[in-house]
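For reference, Swiss-Prot has these:
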ACT_SITE  C48  active site, thioimide intermediate
ACT_SITE  D55  active site, proton donor
BINDING   V70, E71, L72, Q89, E90  substrate binding site
Amino acid sequence: MTDKYKERRFDIYGYEKIDKEVLESIEYEYPEKNTIVEYITDEFSSVCPWTGLPDNAKLTIRYIPHKKLVELKSLKYYLTSYRNVGILQEHAINRILDDLVEFLQPKFMEIIGEFQERGGIATRIIARYEKEEY
């Protein structure tokens, strides 16, 4: 059997293609409350940095806003910017957390990535942030 896949690769982009500048916010009118906001999508996709094969995941973004909410269309564009980025699953979830915490400055945020199976192993990553004082 020949290894005709050995040299096969798909286009893989670097982290510079992650577009956090597309994010927009909406003023949150209830900063004194501890309301939990949750967004769920099963359309997240990035690629393996070594093979270029897709890594598809269900993402849950859960947070307690302080002064800002993320505008959903901008969030969709931000997440879509990962589509051809070569990034490890664990790094993608932490990068999303870092970018959204920097942008929104929430009281609390948790990102859960549930990636489809590879080699019979599914991966679930949970990254959290909690503001010390608010």
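Counting starts with 1 at the first residue shown.
Just so it is clear, glycine is given a Cβ too, placed from its N, Cα and C backbone atoms.
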Maximum Cα-Cα separation in Å among residues V70, E71, L72, Q89, E90, which the record lists as binding substrate: 25
Site with most surrounding Cβ atoms, counting all protein chains shown within 10 Å, from the recorded positions C48, V70, L72: V70
Largest tally of Cβ atoms lying within 10 Å of a Cβ, found at which of the recorded positions D55, E71, E90: D55
Count of other CB atoms lying within 10 Å of the CB belonging to Q89 (substrate binding site): 17
Alpha-carbon spacing, the residue listed as 'active site, proton donor' to E90 (substrate binding site), which is rounded to whole Å: 11
Using Cα positions only, nearest of the binding-site residues to C48 (active site, thioimide intermediate) (E71, Q89, E90): Q89
